[in-house]
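The feature active site, nucleophile is assigned by TrEMBL to 90. Feature annotation from TrEMBL assigns active site, proton donor to 169. Here TrEMBL flags 3-228 as domain 'UCH catalytic'. Residues annotated as site 'Transition state stabilizer' in TrEMBL: 84. TrEMBL lists 184 with the feature site 'Important for enzyme activity'.
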């Protein structure tokens, strides 16, 4: 498997990276400092997705191996998903799942002719595995990911190489047809884990508290929200 340099959970890095790929300036990533309502209220705009970083510890692996979906899942045929075929690319996968969700609601969120617009158009009607293959063969996104990973704001690049054994993983929480899904490129075809109906903030708060409860000694948890600011 090809490896990229890892991204860190840094809103400045993710915002700059997303802008370079064609996300309009009215959308920004921002630190989510807590899981209570007041923290969501402090965000610079409406929370449209949450990128969550956690350590792939044994309790978390066991949880995913034995995950039992919540009942009430609707059809997800129109939910954008992408499989991760490249090592250390989970930060980019999290950005793609977040922006893909925003694009499904706001058709004007991307710059015309941008990499994002071109990529998502290629992915229309495709499976997560097909989208993963498209991403893997795209040299431009590898270049832009590398640029983001090597930026001064991305301190991970100062301590990790592309071949480093990185044990942290990004997922993205998105809303689709009133339900909240945890989009994970490592799971079959990038398929989303359905966590039930409800407000994004409510479900993210519950699920991420469960993550933290399974691994109470970890200090690797981090949340960044994608916000619509107009």
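Please read every residue number as a count from 1 along the shown chain.
The backbone N, Cα and C atoms fix where each Cβ goes, and this holds for glycine too.
Around the Cβ of residue 184 (site 'Important for enzyme activity'), the same chain contributes 64, 169, 171, 190, 191, 192, 193, each under 8 angstroms and 6 or more positions distant in sequence. In this structure the alpha carbons, written CA, of residue 84 (site 'Transition state stabilizer') and the residue listed as 'active site, nucleophile' are 7 Å apart.
Of all Cβ atoms in the shown protein chains, 22 besides its own fall within 10 Å of the Cβ of the residue listed as 'active site, proton donor'. Of all the Cβ atoms in the protein chains shown, 24 others lie within 10 Å of the Cβ of residue 90 (active site, nucleophile). Other Cβ atoms within 10 Å of the Cβ of residue 84 (site 'Transition state stabilizer'), summed over all protein chains shown, number 24.
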